[in-house]
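Take a look at the structure below.
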Amino acid sequence: MGLKADNWIRKMALERKMIEPFCEANIGKGVVSYGLSSYGYDIRVGREFKIFTNVNSTVVDPKNFVEENVVDFEGDVCIVPANSFALARTIEYFKMPDDVLAICLGKSTYARCGIIVNVTPFEPGFEGHITIEISNTTPLPAKIYANEGIAQVLFLQGDEKCDTTYKDKKGKYQAQTGITLPRILK
């Protein structure tokens, strides 16, 4: 399994629409950087957020998630409360090849501020916007800047194609748009 370089990422984005919209340059002046890098792609966070709240005294249950756990926010800067959590989505829409797995890591700019970004792997055959999990581990409110970088995606190409892709198994988050809350198939 090999880590893919910028020339491969560029080719897949331009010829196969693996990443849309695609930014060929790495933009970093005055913003949290985003775009193509040597061995990855820095994704941007959109303007929509779901911020966790305790206003309704609910319990977070991944098997029975209720909308009252979050409040919707849209804007250029999202303030994540101290020791709190938010969901967001990428600006970019991904179409993963059947022999490629992507792993996403938070950007050091945010990590050095106590903001941890988690994204589960993009499985072969997955298509959709990426839901981003953002944890503010500090005792202070923290800013997240929309339309700027939030994490880096690394692309790993398998030595052979898998038997069953995410699309083949009709994954529950396939073709998601916007921020997708937890789902349990019944």
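The backbone N, Cα and C atoms fix where each Cβ goes, and this holds for glycine too.
As given in Swiss-Prot:
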BINDING   Lys107, Ser108, Thr109, Tyr110, Ala111, Arg112, Gln152, Tyr166, Gln176  dCTP binding site
ACT_SITE  Glu133  active site, proton donor/acceptor
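Taking the features listed in Swiss-Prot, we show where each one sits on the structure.
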residue : record                             : Cβ within 10 Å
Lys107  : dCTP binding site                  : 19
Thr109  : dCTP binding site                  : 16
Ala111  : dCTP binding site                  : 14
Glu133  : active site, proton donor/acceptor : 14
Gln152  : dCTP binding site                  : 20
Gln176  : dCTP binding site                  : 18
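Here the Cα atom of Gln152 (dCTP binding site) is found 14 Å from that of Glu133 (active site, proton donor/acceptor). Looking at Thr109 (dCTP binding site) and Glu133 (active site, proton donor/acceptor), their Cα atoms lie 16 Å from each other. Cα separation, Ala111 (dCTP binding site) to the residue listed as 'active site, proton donor/acceptor', rounded: 13 Å. Largest Cα-Cα distance over the residues recorded as binding dCTP, namely Lys107, Ser108, Thr109, Tyr110, Ala111, Arg112, Gln152, Tyr166, Gln176, equals 34 Å.
Separation of the C-alpha atoms of Lys107 (dCTP binding site) and Glu133 (active site, proton donor/acceptor): 13 Å, rounded to the nearest whole number. Ala111 (dCTP binding site) falls within a helical segment according to DSSP. Cα spacing between Gln176 (dCTP binding site) and the residue listed as 'active site, proton donor/acceptor': 15 Å, rounded to the nearest whole number.
Gln152 (dCTP binding site) carries a strand DSSP state (E or B).
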